[in-house]
Amino acid sequence: MQILLANPRGFCAGVDRAISIVERALELFGTPIYVRHEVVHNRYVVNGLRERGAIFIEQIEDVPDGAILIFSAHGVSQAVRNEAKNRDLTVFDATCPLVTKVHMEVARASKKGVEAILIGHAGHPEVEGTMGQYSNADGGMYLVESPDDVWQLQVKDEKNLCFMTQTTLSVDDTYAVIDALRERFPRIIGPRKDDICYATTNRQEAVRHLSDKADVVFVVGSKNSSNSNRLAELAQRAGKAAYLIDSADDIQESWLTGASYVGVTAGASAPDILVQQVIQRLKELGGKVAVEMQGREENIVFEVPKELRVEVKQID
């Protein structure tokens, strides 16, 4: 049984930055550090930070006065940002810069009174944060998930519309929704550059290549990770058995029955240590040396805030 590794896989620059922000805050200021929502959607990462003193909350009211608060990589609404400011909390923003780009698109639309349509999944924190950038009562902000949603959507002015997307969507599904938007609203304006982030696009391309060869595909990622779920769906659409797993412990030996090639990839919020543990487990079940597939090279780095770049020894 040959083990094939998708390339690229695992951490993206935005996730790496968000985790580093929490780690640096803990090093510089000690515990507790409060984080609004899971900083990234991965159980292993969140549990590790929790053990080091991070406290994950959903409501700003749960943060004591004068405490340090970190916004997650998914971003927050302006209402949440304003609430933190009014509470005089020390805030470090771990919002992925590529999510911030979409926030700015929405804010510009709101300022101009242009109605905005967001393609995304209802209830996802990134969507909630992005929708929360729009405040113009004379305009409108709408959420669609499918072409059917587009055809049922009612707007105020079909000639004054723009759209943007959640950063972690299925590329294929999103293009189908965009096609419907352009057909329904011919004058709609899209972003100058695709909102789906480079890491999402690259990992989806990699899992397609992986699915061409693998009989079964394991996607390392947590159930609440949007981009990890999309990877598993892509492999399934390719006709392959695909399993979204948090760790090697989730692997059932029966899933490997009859498999000659086993593919492994990881969502953008899954650390490499989990992938290595999966590889080790597959070897125990008869897998050979893991082979890296060819893929796109990623060298993007997002810096942490300058306030967190100081040496620990400078803090008394």
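Backbone N, Cα and C atoms are what each Cβ position is placed from, and that goes for glycine too.
Taken straight from Swiss-Prot:
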- C12, C96, C197: [4Fe-4S] cluster binding site (BINDING)
- H41, H74, H124, S225, S226, N227, S269: isopentenyl diphosphate binding site (BINDING)
- H41, H74, H124, T167, S225, S226, N227, S269: (2E)-4-hydroxy-3-methylbut-2-enyl diphosphate binding site (BINDING)
- H41, H74, H124, S225, S226, N227, S269: dimethylallyl diphosphate binding site (BINDING)
- E126: active site, proton donor (ACT_SITE)
Residues near S226 (isopentenyl diphosphate binding site) in space but at least six apart in sequence (CB under 8 A): H41, H121, H124, E126, Q166, T168, L169
Tertiary neighbours of H74 (isopentenyl diphosphate binding site) (same chain, Cβ under 8 Å, six or more apart): H37, T95, C96, V99, H124, P125, E126, G129
Under 8 Å by Cβ from C12 ([4Fe-4S] cluster binding site), same chain, sequence gap 6 or more: C197, Y198, A199, A268, E298, I300
Three-state secondary structure, which DSSP defines for H41 (isopentenyl diphosphate binding site): coil
Entries of S225, N227, S269 which, being binding-site residues, have CA atoms within 10 angstroms of T167 ((2E)-4-hydroxy-3-methylbut-2-enyl diphosphate binding site): N227
Dimethylallyl diphosphate site, defined by H41, H74, H124, S225, S226, N227, S269: further same-chain residues with Cβ within 8 Å of the Cβ centre: V40, E126, T168, N224, S228, G267, A268
Site with most surrounding Cβ atoms, counting all protein chains shown within 10 Å, from the binding-site residues H41, H124: H41
Cβ neighbour count (within 10 Å, all chains shown) around T167 ((2E)-4-hydroxy-3-methylbut-2-enyl diphosphate binding site): 29
Cβ neighbour count (within 10 Å, all chains shown) around E126 (active site, proton donor): 25
